[in-house]
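Some notes on the structure that comes next.
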Amino acid sequence: MRPLSSAALLSAIGAVAAQVGPWGQCGGQSYTGGTSCVSGWACVFLNDWYSQCQPGAEYTPPLCGRNDNPNIFQATTTSTSVSATAPPSSTSSSTASVSSSTSSTPIPTSSGSFVKAEGLKFNIDGETKYFAGTNAYWLPFLTNNADVDSVFDHLQQTGLKILRTWGFNDVNSVPNPGTVYFQLHDPSTSTTTINTGADGLQRLDYVVSAAEKHGIKLLIPLVNNWDDYGGMNAYIKAYGGSKTEWYTNSKIQSVYQAYIKAVVSRYRDSPAIMAWELSNEARCQGCSTDVIYNWATKTSAYIKSLDPNHMVATGEEGMGLTVDSDGSYPYSTYEGSDFEKNLAIPHIDFGVFHLYTADWGITDNSWGNRWVTSHAKLCEAAGKPCLFEEYGLKDDHCSAAVVWQKTSLTTAGMAADLFWQYGQTLSTGQSPNDRYTIYYGTSDWQCAVIDHVSRI
C-alpha cells in the first residue's frame with residue numbers, strides 16, 4: 001500500500017490540457033498526467049502519492065475515494081528496508097534469466113494438516129468453523145529469531161489462527177549490508193537473482209518454521225502491486241514496459257513465474273502455508289477486466305501445477321461487483337478488477353476483499369457492512385469461502401471495526417477475518433505503526449481482538 005500527492009503539489013504542477021475522467025488519478029508524487037477533472041468531478045487529495053477525481057457537489061450517489069495503499073508502512077526511508085545479514089554477491093546471466101544466490105532445499109516440515117476449503121468455511125487442523133487472524137507484513141524482514149518467536153507466541157495465546165505476511169521483497173540494486181531482500185532485478189543487465197541467503201529467503205524459512213511450531217497458518221502474497229518492497233515496478237525497471245503491461249509482458253511473467261516456482265516449491269510440503277496469493281492488491285487502471293482475469297487464471301493454474309497441496313487466492317481488494325452496488329468507486333471496475341469474475345476462476349479456492357472506509361472517503365462507517373455482505377453473497381453463490389483479509393481504521397480501532405467483525409462473523413459465506421495490522425514491542429522497539437496497528441496487550445487489543453475471538 002503506498003502513500004499518494006498533496007494539493008500544494010497539484011497547483012505547482014499546473015494545468016494539463018487533457019481532463020481526467022471519473023475516479024481517475026489527478027495528482028501524486030512522480031505523477032505527470034492531467035490534474036483537472038471532467039465537469040461534476042473534483043480532484044481530491046487522498047495521500048502524498050495519490051489524488052483522485054471524485055464526484056463533486058453536483059453528484060448525488062455516495063462518495064468513495066481510495067487511498068491506494070493505506071496498509072503499507074515502511075520503517076525506514078528506503079523502499080526495501082529492514083535489517084539482516086550482509087547480502088551475498090549477485091550472479092546473473094542472459095536477459096530475463098533468473099539465478100539463485102545460494103543453493104537451497106525445501107525446509108523441513110512438522111506435523112499438521114493442509115488447510116482446505118470445506119463448503120463456505122475453512123478446515124484448519126480438523127476444525128471447520130469461522131477463524132480470526134491478522135496481518136504482519138514486516139515479519140520476514142526481522143533478523144532476530146526471538147522476535148519472530150514472540151510474535152507467534154502472542155498469536156497462539158490469543159487464538160489468532162491465520163497470519164498474512166509478505167512473500168516478496170524486490171530490489172533493483174544490492175542494498176546495504178544488513179538489509180533483507182528476496183530478489184534483485186538488475187536494470188543494467190536485465191537479469192534477476194533470487195536471494196536464498198541468510199538475508200534472503202532464509203528469513204522467510206524461519207517464519208514458516210515458527211508458524212509450524214505454533215500451529216499458525218500463513219497467507220503469502222508473491223508480488224506487490226505497490227512500490228513498497230519493490231513491487232511490480234521493480235520488475236519494470238529491469239525489463240521495461242509499464243504498470244498496465246506488467247500482466248502481459250512475457251519477460252516479466254517468466255521472471256515472476258521463476259520466483260513463484262522457487263518460493264512455492266520451497267514450502268510445498270509445509271502445513272503452515274494456508275494459501276498462496278498471486279499478489280497484494282492487483283490493479284490495472286483503465287484496463288479491461290480480462291487483463292487481470294487472464295493473468296490470474298494462468299498464474300493460479302501454474303501454482304497448482306507446482307503445489308496441489310495448498311489453496312490459491314488472488315489477494316485483491318474486492319473491487320468491481322454489481323451486487324448491492326451503490327455506484328461508488330470500490331464497486332466499479334475502474335481499477336481493472338472484477339471480483340465476481342475472478343472468483344469464478346477454477347484454481348482460485350476462495351474470495352478475498354479489503355475495507356478502508358476513511359481512506360476511500362466514506363464518512364459513514366456502516367457502509368462497510370454492505371461491503372462485507374455484498375462479497376459474502378457472491379461467495380455463497382459461488383460455493384467458495386470469503387475471507388475478509390484486510391480492514392481497519394486509523395487510530396479508532398474499537399468502534400466501526402468491531403461492528404464489521406460482527407457482520408462478518410454472522411453472515412453466510414464469510415469464513416474468516418484478518419485485521420490490519422498486528423503490532424508489538426520488539427527487541428529493536430515497536431513494530432511499524434501506520435495508525436491502523438493494534439498493539440498486543442493494549443486496551444484496543446482487548447476490545448478489537450480478544451473480545452472478537454471470544455465471540456467465535
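Every residue gets a Cβ built from N, Cα and C, even glycine.
It should be emphasised that the depicted structure is a prediction, and the values quoted were computed from it without experimental measurement.
What Swiss-Prot records for 1-18 is signal peptide, and it gives sequence analysis as the kind of evidence.
Residues or ranges marked as domain 'CBM1' by Swiss-Prot: 19-54.
Marked as region 'Ser-rich linker' by Swiss-Prot: 79-113.
If you look up Swiss-Prot, you'll see 79-110 marked as region 'Disordered'.
Per Swiss-Prot, the feature region 'Catalytic' maps to 114-456. Model confidence over the region 'Catalytic' (114-456) is summarised by a mean pLDDT of 97.
Annotation note: Tyr356 (substrate binding site) sits in a coil segment as assigned by DSSP. Around Tyr356 (substrate binding site), taking its Cβ as the centre, 23 other Cβ atoms fall within 10 Å, counting all chains. What Swiss-Prot lists as substrate binding site is Trp166, Asn280, Tyr356, Trp420, and the listing cites similarity to another entry.
Glu390 (active site, nucleophile) falls within a strand segment according to DSSP. Just so you know, the Cβ of Glu390 (active site, nucleophile) picks up 27 other Cβ atoms within 10 Å once every protein chain is counted. Residues or ranges marked as active site, nucleophile by Swiss-Prot on the basis of similarity to another entry: Glu390.
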**OP:** Mind giving me a neighbour count for Asn280 (substrate binding site)? Other Cβ atoms within 10 Å of its Cβ, every protein chain shown.
**Re:** 29
**OP:** Out of the binding-site residues Trp166, Asn280, Tyr356, Trp420, give me the one sitting nearest to Glu390 (active site, nucleophile) by CA distance.
**Re:** Trp420
